[in-house]
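Chemist: Pulled these features from Swiss-Prot for this protein:
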SIGNAL    1-19  signal peptide
DOMAIN    20-82  domain 'LCN-type CS-alpha/beta'
DISULFID  C31-C81  disulfide bond
DISULFID  C35-C56  disulfide bond
DISULFID  C42-C63  disulfide bond
DISULFID  C46-C65  disulfide bond
Amino acid sequence: MKTVIFLIVSSLLLIGVKTDNGYLLDKYTGCKVWCVINNESCNSECKIRGGYYGYCYFWKLACFCQGARKSELWNYNTNKCNGKL
């Protein structure tokens with residue numbers, strides 16, 4: 001029984017390490033996925049990409065996703081957007 005509990009806890013820790021929070025990446029343009037006030041669209045897109053909750057961050061006009069894989073998130077250091085939409 002202790003082994004089963006240990007395996008479950010270990011799995012949860014590994015899953016937590018491989019996920020992150022951030023702005024969704026539009027892989028075609030390299031930009032953030034933009035939005036205005038549509039939380040439903042951002043939430044759906046976030047869940048499709050493996051996250052558990054997404055919303056439209058109004059001040060940045062971009063979809064913010066919690067729990068998605070890092071490869072699905074926009075990163076400032078690897079930004080390839082250059083203003084193209």
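Just so you know, glycine gets a Cβ as well, placed from its N, Cα and C.
In the displayed structure, how are the listed features positioned relative to their neighbours?
Modeler: Mapped onto DSSP helix, strand and coil, the domain 'LCN-type CS-alpha/beta' (20-82) counts 16 helix, 22 strand, 25 coil.
Within the same chain, the residues at least 6 positions away from C35 (disulfide bond) whose Cβ sits under 8 Å from its Cβ are S41, C42, C56, L61, A62, C63, listed in sequence order.
Using a 10 Å Cβ-Cβ cutoff, C65 (disulfide bond) registers 31 neighbours.
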